[in-house]
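Read the structure below first, then the notes.
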Amino acid sequence: MYRMQLLSCIALSLALVTNSAPTSSSTKKTQLQLEHLLLDLQMILNGINNYKNPKLTRMLTFKFYMPKKATELKHLQCLEEELKPLEEVLNLAQSKNFHLRDTKDLISNINVIVLELKGSETTLMCEYADETATIVEFLNRWITFCQSIISTLT
């Protein structure tokens, strides 16, 4: 009698582990999405750091919120919340000498990737650090976040 219950328990446990365990293809997909996010963030940062950017000093006056801790994909919620202000600052800075092509598309791509990576169920309330960050610091920290997560996946 107990033997049947034990076998049922083992079978259910195996089914649960098999269905919930991440597969190598899902890890690869996550890694690719993070790499795309990383490239988009680096593209924005490179455009801002361009030596011909006369609006950089103005851009540095805008402050962005950073999470106290960003170590998991769910923390991308905090990046998502700052995308609109980021887009607004980038649009303000557009000029003849400084032009990020398709800022709206870049931000939209980042938003789509972030939503896929963090999952739709995430309702994390971001705990922000007391100090704010400049646009350069903001982008550098999220770039470092992506690199860190990618390194754990490989």
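Each Cβ is built from the backbone N, Cα and C atoms, and glycine gets one as well.
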Determine, on the basis of Swiss-Prot, the cysteine among Cys9, Cys78 paired with Cys126 in a disulphide.
Cys78
Ranking the disulfide-bonded residues Cys78, Cys126 by other Cβ atoms within 10 Å, which is at the bottom?
Cys126
